[in-house]
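Feature annotations, courtesy of TrEMBL:
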type	residues	note
TRANSMEM	A:19-38	transmembrane segment
TRANSMEM	A:50-67	transmembrane segment
TRANSMEM	A:87-110	transmembrane segment
TRANSMEM	A:122-143	transmembrane segment
TRANSMEM	A:155-174	transmembrane segment
TRANSMEM	A:186-205	transmembrane segment
Amino acid sequence: MVSGCLARVVYSDVKHNFLIHYIVALCILLASPIFFSLSQLDSILAAQPLELYVPLIGVVLMTPVFLPEQNESIYDIVRSKKINHDIVCILRLICSVIVILCMIGAYVLYMKNCNSQVTVRYFIGSSATALFLGAIGFAFAGIGRNVVVGYMASVIYYILNFSFGTKLGYFYLFSMMHGSFIEKKWLILIAFCMASATFPVRRIIRN
Amino acid sequence: MMLFCMECKKIFSSLTYILYSLLVILMIVSQYFMEGGEKVYPPSQGDYDYGEKIVEDHDLIMSTATDALTVEFLSNRYVCYPFGFYKAVHLDNEEQAKIEKYICEITGLDSEGIAEKKKNADVCYITDGTHDYGEYAIRDMPISVSMTYERFTDIMDDVDDILGGGSDYAVDGLVYKFSRVPMTYEDAVEDYNSILTDDRVTNAYARLFSDYAGIVLAILPVFVAAALTAADRRRRMSELIYSRRSSSLRIVFTRFLALVTTMFIPVFVFMVIALIQILIRYNGADIDMTAMFTLPTFWLLPNIMAATATGMLVTEILSAGAAILVQFVWWFMGLMAGGTAGLSGRIGKFTFICRHNALGNRSGFIMNWNNFVFNRVFYMVISVAAVLFTVGIYELKRGGSFNGIRLFGKGSIFRRKA
Amino acid sequence: MDEKIVIKNVNKFYGKKQALFDIDLTIEKGMFGLLGRNGAGKTTLMKTLAVLHKKKSGDINICGVPVESAKEIRAMTGYLPQDFSMYPNMKCDEVLEYLGALSCIPKAECKKRVTSLLRKVNLIEHRHKKFKELSGGMKRRLGIAQALIHDPKVLIVDEPTAGLDPEERIRFRNLLCEVAQERIVLLSTHIVGDIEATCENIAIMDAGRILWKGTVHEILENARGHIYTANVEKQFLPQIKKEYIVTGMLAQTDYVTVRIVSDTEPDLPNTVLTEPDLEGAYVYCLHSHGCDIVGGEE
């Protein structure tokens with residue numbers, strides 16, 4: 001019964017609160033041919049759109065997880081219900097992650113179809129960057145209780161990557177463009193830690 | 001003046017401004033002070049590589065550009081960077097025919113002549129994904145005697161249009177792309193000397209400083225400006241302020257000035273530090289005491305102004321989030337364009353983020369001096385115009401005839417109270 | 001299971017600032033009114049009961065369940081905050097269905113309840129309106145409906161009538177009375193009229209403490225002999241306001257009838273001891289506990 005209720009909650013959430021973000025993310029991907037070609041790219045060039053551009057959908061999809069309840073009184077209402085609100089947020093987050101993976105997967109397949117040199121590693125690498133950027137937005141929006149803070153944090157981190165480059169070490173977002181994949185597993189790991197730490201930190205700060 | 005001080009105080013105590021200052025400090029310290037702005041020493045004889053320099057040699061440009069065009073024409077694979085991203089352009093038969101006609105005109109060869117060259121050239125088959133194509137090594141295309149440089153640039157302009165822009169053949173880029181020669185020891189010494197004599201040290205460092213600082217200053221101010229502008233609405237202060245006596249012009253311009261002034265302060269502090277550092281390092285040299293202030297101010301202020309004006313204008317019309325998005329896209333394209341334009345020297349009339357990522361190469365910078373001056377003045381004027389436009393929007397909102405475009409309904413994303 | 005809320009020695013802090021001091025209260029079935037001025041701690045107490053805040057010490061027991069088992073408590077309490085708000089783009093019935101799902105109500109039952117509740121709160125014609133298109137009163141009524149969606153044993157309503165027009169207010173009170181037939185309804189307000197019209201039992205809070213608890217009848221009795229009316233000339237009004245606690249004024253043609261709360265009979269012309277009203281009794285209660293009362297307001 002509980003799972004059925006959760007399914008209804010998620011369905012309603014997607015319909016009312018998240019559709020717009022999904023559409024924005026899709027538009028970002030669909031707009032990419034304006035900026036660069038996706039066909040006949042060698043492995044280094046293929047990393048460019050997959051690292052510089054596609055991961056921005058992570059910011060778009062993961063940052064607004066807490067957005068619907070940014071209004072304090074809405075937050076109180078949903079919190080006074082039986083199902084723990086954190087569970088709802090986790091479900092939303094999972095939905096976003098799934099959508100990100102699907103979108104990037106489709107994108108990579110399309111590139112492959114256009115004779116670009118992409119492999120499963122590229123898919124994982126691009127997803128890792130997207131999830132990391134998204135997790136920054138998610139954590140800052142959740143802890144700062146303001147979505148704009150989340151967008152700002154992830155955009156600023158993205159900017160930092162241009163200026164600092166490989167000096168960021170394991171946190172460097174664009175390593176694939178330099179042919180390195182080691183950073184990616186760290187990005188995934190840290191993204192996961194950041195996202196899971198957000199909930200307890202949020203609660204501690206509130207109390 | 002009173003209002004100005006109050007606004008400044010408000011900005012100083014805002015979280016976004018503190019964040020802005022920290023990031024500016026972080027960027028400038030890590031990039032300029034720890035990395036780029038080291039002391040330069042005279043080149044030593046016998047080095048393997050002194051780098052390249054750009055000479056404006058029309059014959060050289062024509063011959064190397066024609067070679068490159070022929071190579072790409074024969075593979076029907078033209079590499080372009082329209083937004084700083086790699087884009088391989090393939091042309092249809094009709095367009096290929098046009099390119100061929102142009103090559104014929106430049107070289108004086110006919111179709112058979114080109115086919116002959118193709119047959120004699122070394123070919124290297126490249127597998128790109130699952131697709132193979134041949135790249136022909138052609139380095140000796142002749143140039144027709146009757147070909148003038150003016151006609152040549154016209155042709156190149158047209159070729160760039162056919163390719164959809166962003167190609168190597170764009171006229172204002174020809175000289176950077178096809179007219180590079182290796183520097184000799186003498187050139188390197190000359191370059192070094194010009195830092196000391198022509199630039200009087202500070203000018204050279206000021207360019208590098210501006211190059212590093214310009215990148216962040218083209219985006220970060222938008223956060224502060226958007227947050228300040230959106231704060232009124234979020235704290236439900238708009239109506240209170242609307243009902244005061246001050247004119248919209250005064251309110252909006254005071255804010256703009258306050259934002260630009262406060263955001264310039266951290267940059268200014270670093271100019272002072274940079275100057276002190278130079279004075280210590282080049283003790284005794286003939287140092288221009290003002291250049292560390294004048295050039296970066298002229299270079300960076302338009303960046304701050306433009307990003308601030310965008311922040312204010314778009315926030316008034318749409319929302320803070322939209323402002324950040326707009327500035328981000330602008331910055332991103334500017335950055336990518338700057339990257340492909342070569343990190344030093346090439347500054348166009350409308351390049352938003354001007355780059356000159358080198359201490360030397362004064363001549364490369366001076367070559368674009370007129371463009372640079374036009375460019376900076378242009379962005380200042382545009383910014384002031386955008387602020388004036390903001391005044392208009394503000395006035396409309398104040399009169400109640402415009403309430404901002406609500407992208408996501410009443411409780412839109414960026415409007416809900418935090 | 002006994003249907004009452006038992007609160008014992010509850011303390012609550014916001015950082016270092018103490019918001020609730022040793023609250024002791026037993027709330028039985030029916031309407032219970034919590035009266036106090038803004039900032040008295042009513043909302044804090046209610047949020048603690050709805051498990052939105054954690055208490056520092058003490059015991060709270062709702063219908064036999066300690067407040068620590070948040071899940072069970074949430075399953076049997078309905079909460080309506082001061083300013084009820086919901087995702088602006090959801091329609092009325094979608095709001096209820098969403099919140100019903102959050103309360104783990106099976107789908108079929110949820111649909112049925114949504115219809116009956118919308119009918120009850122008189123929103124059935126507006127069920128397809130988006131939340132952002134509703135008026136203030138409609139939002140508040142939808143708020144009650146959402147708090148009742150899982151048929152809770154306890155309904156917690158925080159200042160429900162603030163900002164409503166008189167007509168909406170009466171409608172809302174009646175709705176609450178109806179709902180209170182079969183459950184505990186805890187109502188907080190700073191508007192005395194709301195309590196007077198609906199509640200049998202009340203408690204008065206100030207500065208995080210319970211000043212007084214009992215029935216409406218008792219508080220009125222308590223104030224008996226301390227509320228006077230006097231007819232005074234208009235020009236003396238500022239003077240009188242300075243010296244006495246004025247709870248009401250009625251302007252006549254050439255004089256003003258004032259209601260005064262005082263321990264001793266005021267030295268004014270035509271002073272008459274009158275039957276206490278709840279407003280006067282409330283002010284007297286605050287006054288007799290040493291609270292500052294300025295200008296006869298609040």
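Think of each number as a place in line: the chain as shown, counted from 1.
A Cβ is built for glycine as well, from the same backbone N, Cα and C atoms used for every other residue.
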Positions on the same chain near the transmembrane segment (A:19-38), where near means CB under 8 A and six or more residues out: 48-49, 53-54, 56-57, 60-61, 64, 96, 99-100, 103, 107, 110-111, 114, 116
For the transmembrane segment (A:87-110), sequence-distant contacts whose Cβ falls under 8 Å of one of its Cβ atoms, 6 or more beyond its ends: 6, 9-10, 13-14, 17-18, 21-22, 25-26, 29, 32, 38, 50, 54, 57-58, 61-62, 65-66, 78, 118, 122-123, 126-127, 130-131, 134, 138, 142, 195, 199
When counting Cβ pairs under 8 Å to the transmembrane segment (A:50-67), the leader among A:122-143, A:155-174, A:186-205: A:122-143
Intrachain residues whose Cβ lies under 8 Å of the transmembrane segment (A:186-205), provided they are six or more past its termini: 62, 86, 89-90, 93, 127-129, 131-132, 134-136, 138-139, 142-143, 145, 170-171, 173
